[in-house]
Each structure stands twice: as C-alpha cells, then as structure tokens.
Amino acid sequence: MSLKINRYKCGYCGACVGVCPKGALELVETWVEVDESTCITCGICDRICPVGAIEVMK
Amino acid sequence: MKDMYDVLVIGAGPAGSIAARTAAEKGLDVLLIEKRQEIGDPVRCAEGVSKVHLKKYVEIDKRWICSDLNASHIYAPDGTKIEMAEEIAGGEVGYVLERKVFDRALAEQAAEAGAEVMVKTRATGLIIEDDFVRGARLMHLGKEYDVRARIVIGADGVESKVGRWAGIDTSLKPIDIETCAQYLIAGANIDQHHCEFYIGNEIAPGGYIWVFPKGGGKANVGIGVLGSKTGKFKPRPVDYLNRFMEKKFSDARIVEMVFGGVPVSGSIEKTSTNGLMLIGDAARQSDPITGGGILNAMNAGKIAGEAAYAAISAGDVSLKKLEEVYEKPWRETMGHDINMSLIVKNCFINLSDEELNSLAYSLKNVKFERMSLLDLLQALFKANKKLLWDLRVLFKDAAKEVVKNKT
Ligand SMILES: Cc1cc2nc3c(=O)[nH]c(=O)nc-3n(C[C@H](O)[C@H](O)[C@H](O)COP(=O)(O)OP(=O)(O)OC[C@H]3O[C@@H](n4cnc5c(N)ncnc54)[C@H](O)[C@@H]3O)c2cc1C
Ligand code: SF4
Ligand code: SF4
C-alpha cells in the first residue's frame, strides 16, 4: 500500500478530500477512505493535512 | 424518505440549510440530507461573523452568540499593533458564534418551513440521465436508496464530491487552500471584547493566527497556513499553533481541537450544470483573504433556493436557465467581492516580514473609525508603492464607493 492514513491522528476535517485531484479520498463520518485504484500517489493530500495524518510513499 | 422531491439538498451546513429553508418557504417539496449524525459537529470553523450581514439571513438568537466584539487588533511580525474599530473591521468579525447550535438552528428552520431533514445520510453518487442530474444515490444506516429530484443542490463543503460527480472539477491546488488547526482554550482569561490577528511568515506563512473570544474567558485560537507553504518536510499548521500557544498561552487548557481546510481559490469557472447547483464551500465561495465563508454560504443558499423555485416553476432546469437565475446573480454581487479579495490575497502572500512591518507601521496611527477604502489605500500608498501598484484595480472600486457616497 502506498498511502497510509493514521486514523488515530486524523481530525476528520476533509481537507485532503478537497485537494485530491483524482477524487480518490472520501470522508465517511469519522474516517477517511482511499480508493487505491484511482490514487496516483501525487502526495498533495500528505502535503496539506494540518496534522500530518497521511503518509504517501512514492 | 420518499423517492421523488422537487429539490434535494446535499449537506446541512449554513449553505444547505438556507437553501432548503428558502426553497421550502416557496412551497417546494425539499429533502435536506447530512452525512454526519449530528449537524454542526465536529466544528470546522473559528465562528467569527459580521453582525450587520448576518441579520440579513437569520434573526439573531442569543442561544448561538458566544461573544459580541467591538474591535480587532492586528499584530505585524515585529509586534506593531493596528487597532480597528467595529465599523471598518466589520467585514468578518462582530459576533463569535456557537456553530454547533447555530448550524442546527438553521436546519431546524428549514424543517419548520416544511423541508424533510435526514441525518446520517450520505450521498454516494448522482443519478444522471440524458446529461441532466436527476437525483442522487444515498446511503442511510448502511442501506442504499435512489432519490430523484428536479434539482439537486450540492452544499457539501470543502470535501465536496457532488460537483465532481457532475463533471465540474472543484479540486483545490495547494495554493488554493488554507490548511487550519484550532484549539478552544479555557483558563486563559481572555478579553472578550476584541479579537486578535497575528501575521508573518514565521508565525503563519501565507495565512494568519486568530484569537476569537468565545465567552466565559474562553477563546478559539487557530491558524491557517497556505497549502503551498506547508508540507511533508515543513512544519504543519498544528506545529505553528503549538509554538504560538507556548509563547502566548502556556497555561491555557485545550478543551476542543478543530482541523480543517478553507478554499481560497476565488471564484471557480462553473457552479451549475443541467439540474444541479453548487453553493457555499462546495462552490469555493469563501473569501480568499479572510477565509470567511459562513455569510457567503448563506447568501448563495438563499440565491439558490430562489433560483430552484424560479427554474422549477418555469419548467426549465437546464444549465442555461440556472445560469440566468443562479450563476449570474451570485457572480455579479458576491462574486465581484471574491475576485477583488483574490487580487489582494495574491499580493499579500508574497510580502516579506519587513514589508508587512512597514505597512503596519504606516497604518499604526490612522484613525480607523472614520476611514473609507480610499483613505486606506492612500495610507498604504505612503508605505509601499509597489503594493499599491499590484492593487491598482481596487482603486476603481474605491472610486465607485466615493461616487456612491456622494449621490
Ligand atoms: C478552521 C476554520 C476556521 C474558519 N473560520 C471561519 C470564520 O471565522 N468565519 C467564517 O465566516 N468562516 C470561517 N470558516 C469557513 C466556514 O467554516 C465555511 O466557509 C462554512 O462552513 C461553509 O459552509 P457550507 O455550508 O458551504 O459548508 P459546511 O459548513 O462545510 O457544510 C457542509 C456539510 O455537508 C456535509 N456533507 C459533505 N459531503 C456530504 C455527502 N456526500 N452527503 C451528505 N452530506 C455531506 C458535511 O458533513 C457538512 O456538514 C472557517 C473554516 C475553517 C476550516
Ligand atoms: S486532512 Fe488530515 S486530518 Fe483532515 S481528514 Fe484528511 S487525513 Fe484527516
Ligand atoms: S496521493 Fe494524490 S491522488 Fe492519492 S489520495 Fe492523495 S491527493 Fe489523491
């Protein structure tokens, strides 16, 4: 897996969902889900997360 | 839940609730859905709002006002302080709300007007036929439902998917988003009559720190950092905020944490298509300088609710009709202000701390209570000629303001 979301750290704010150019993320109530088949590991979500709860490995 | 409505509103923030209320008041059959189980919670907001403008959309109710401000203090990187009295600072600050109560009250008003409201109900896709949006697929308590509507209104906030499902790319680039962290602090005995802003590239690159009093000595202390100025190997908003807390409020207790993103992209190209309108943060209608989006969201909600009525009564929900009844009215009013703010944002994010200090210094002794936009620009001109050149288009607006005040 090239994208890890630390759900113990995540503040479920949805900022990552708003910047994902592929629409690969979704905020479902209190957790973020990723569609691995559409994610292009561009790393933008990792870059803007206010707490650093997402890690994208390129 | 029925399987057909006149209007389906997705997202029960200020935008969605006002749209649902407005459409229901016009006699339309409305369903308002919210994916969370509690409307308004968790909060993603500093909760500051201008008094005069708020009154245009809702009757003021003490239950959701935490504090009533009469001034803003802005601090430059070197500590130079600018004081603005209410009349000019009015833009974004005035009241500090309790959004958990406020957002819920707005949804309740929509319900009272006749709209059906459903929580823990998430849109997972749109029903699109013959190039028209004709409803949405909803998930409620693990079960899926198809709900049809003559018009769908996407009010699903910063994480909006509705526009994308309809082919409108609303994804924000890092330079188009302020990424935010905020603490609600108690035990710091904060003055409850004014709010504070701290600017500077060391403190909050491309953004600012705010202190908004919330009643009973408490305050929202938060930060927004421009997405393009933070990242994997740089400090995150939460790191900058912790640094500030240590310096200013080391004894305070954190009783709530808030995270979030605010669109600061300025107007996007398209906010409607056949059978669909986007409003509020979903349409990226928040102000690019302040990040304030509550009032714009409510304004767009009102315009869209009325537009839904106009389009449905005319039997025409095509893009062409929605351009006439929704796109045009919002772009000519609020859209103009958003565009002006974007120009200022693009200019301010490139200023060095020295430039910010010198600006603050030249504004320090200006009496802000009586100031017009033109006076402000003149004061800026003395401080920084280059800045003024970058902001020259604003002069046209200032000139218009002068003419308006004379007639
Ligand atoms: C830290 C921070 C501080 C801010 N401070 C201020 C401030 O002081 N003043 C100000 O005016 N503005 C401020 N803003 C901006 C303001 O919060 C937003 O502009 C405002 O909430 C936008 O309202 P909205 O109704 O468009 O969206 P939101 O309030 O975000 O509401 C959208 C709703 O849609 C729901 N939703 C999303 N997807 C779906 C789906 N698929 N199905 C069903 N429901 C869905 C969400 O759960 C949410 O409840 C701040 C923002 C942040 C992040
Ligand atoms: S941006 Fe970070 S904190 Fe916010 S929802 Fe995404 S992973 Fe969670
Ligand atoms: S890495 Fe890029 S494509 Fe993948 S989820 Fe994050 S923002 Fe989306």
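Along the chain as shown, the residues are counted starting at 1.
Even glycines carry a Cβ here, placed using N, Cα and C.
Caution: TrEMBL annotation is automatic and unverified by curators.
Record features (TrEMBL):
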type	residues	note
BINDING	B:A15, B:E34, B:C45, B:A46, B:G48, B:R99, B:A123, B:D281, B:G293, B:I294	FAD binding site
DOMAIN	B:176-262	domain 'Digeranylgeranylglycerophospholipid reductase catalytic'
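The structure, with features from TrEMBL marked on it.
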{"residue": "B:A15", "record": "FAD binding site", "DSSP class": "helix"}
{"residue": "B:C45", "record": "FAD binding site", "DSSP class": "coil"}
{"residue": "B:A123", "record": "FAD binding site", "DSSP class": "strand"}
{"residue": "B:G293", "record": "FAD binding site", "DSSP class": "coil"}
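Taking every pair among B:A15, B:E34, B:C45, B:A46, B:G48, B:R99, B:A123, B:D281, B:G293, B:I294, the residues recorded as binding FAD, the greatest CA to CA distance is 29 Å.
The residues of the domain 'Digeranylgeranylglycerophospholipid reductase catalytic' (B:176-262), classed with DSSP into helix (H, G, I), strand (E, B) and coil, number 16 helix, 42 strand, 29 coil. If you draw a 10 Å sphere around the CB of B:G48 (FAD binding site), it holds 24 other CB atoms from the protein chains shown.
Here the Cβ of B:G293 (FAD binding site) has 25 other Cβ atoms within 10 Å, regardless of which shown protein chain they belong to. Remark: B:C45 (FAD binding site) has B:R99, B:V258, B:G260, B:I294 as non-local neighbours, by Cβ distance under 8 Å and separation of at least 6 in sequence. With the fewest other C-beta atoms within 10 Å around its C-beta, B:A123 stands out among the binding-site residues B:A15, B:A123. Confidence for the domain 'Digeranylgeranylglycerophospholipid reductase catalytic' (B:176-262), expressed as mean pLDDT, is 95.
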